[in-house]
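First the structure, in the form of structure tokens, and then the observations on it.
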Amino acid sequence: LAQSLLALFASSLAISLVFAIIPLCHNVVVLAVVMAVAGLAMGCIDTISNMQLVKIYQKDSAIFLLHFFVGFGALLSPLIADPFLSDTNCILSNGTANASSNLPHIRKSLVPHHPGNLSHYDLPMKGMVVTRVSYAFWIMALINLPVPIAVFFLLYKERMVPCFNGSSHPLLSADELALETRPGDKDELSTAAQRPHTAACHEDLFSCCQSKNFRGASYTYFAVHITGALVLFMTDGIVGEYSGFVYSYAVEEPLAVVHKVAGYLPSLFWGFITLGRLISIPVSYRMKPATMVFINVVGVLITFLLLLIFSSSVVFLFVGTASLGLFLSSTFPSMLAYTEDILQYQGCATTVLVTGAGIGEMVLQLLVGSIIHDRGSYSFLVCGMIFGCLAFTFYALLVFFHRMYPKPSPELDEASPDKAAVPEDTGQYQR
């Protein structure tokens, strides 16, 4: 827990620093390095927060609430940046000041199939910069700053900061309101909190990767991890590629949507992802995670099929975008809850699933972008349909391996990966 909280503190602080530095980067290589640091920090936060929620709270973990705030942040941050974005050309030079009025026409001409139109417009590369976008980055850096402060406060209250081991009372005792502890653990809980840095009190942050945890594991144990990660590879990849390229698809023929109107499509998509994650919080109490994943995957397939059928309808593009966001919204938390439920909430599956989702979001965007460039905008929907079919196939395989996976029993050896790992001296919670 101490290692995880320290990693969260460092990562969240790094994000504030990165956002403050980005406007000062005047070299593309420096900007690439800074953005890489931001991506590394965000990946750490995503993985650790999911893993610790699952390991500490198990079935009571607020996974759906966590991912609601992920979607809410993705919806809110563009709205914060929007007032600082320029509607004209950001660089003005002598003789080209009037070119800013032609910006909508310039944007419309910047498509792969009409390279000849670019010669009609002179885009200045040097001159006076007239953008205020730097303020957006600095505002986001300030908004994020309370997060590392809150994590540091938690470290301090849990006496996990070496220089500040004062007489503060730990916060973990409040968890007894929501969780049941093992008999006799209440005394151990306070004792363990006073010695958080001993080796016996905390598992290693990379304990999931130790080979001893895989001894005696059946092939279904690995199959559940792999198929679960592949489902999220496809679904999170769809989220990335759809939000990234739906604008480009809308402004091209045959739809030819006005640029300003097409700009609402990514916001609509993320808005319904946020709404769907909010709805999924009460729904998750009444519906099994496996059922929710099935509805999500089938809904994505049907939506892409209808988008292909009505590919010339602008109205249905907006309806389909909202529907797709709604069905994709709870796929990640539902799959996380379903897979960890199969594997008895060890937390190791969470790391695999988050990694698979991140790789999918990266790879599928790159793949779809190159296909659209070579095959045209219609391939955008075809790729989405193919990815949806693959997601459904991997989900069917996951259900198959779930049925073959051995059910846990009290007699299983403590070191076996088929049994939930419970540390001995930490006063950790157990359902």
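Glycine too: its Cβ is placed from the backbone N, Cα and C atoms.
Automatic, uncurated: that is what TrEMBL annotation is.
The shown structure was predicted, so the numbers you read here are calculated from the model rather than taken from an experiment.
Checking the ranges 5-27, 350-372 against TrEMBL, the transmembrane segment annotation falls on 350-372. Against the transmembrane segment (219-239), stretch 378-401 shows more Cβ pairs under 8 Å than any other of 30-49, 135-156, 261-279, 291-310, 378-401. Taking pairs at least six residues apart, the transmembrane segment (350-372) and the transmembrane segment (30-49) share three or more Cβ pairs below 8 Å and count as touching. When each of the listed stretches 30-49, 61-81, 135-156, 291-310, 378-401 is scored by C-beta pairs under 8 angstroms to the transmembrane segment (261-279), 61-81 comes out highest.
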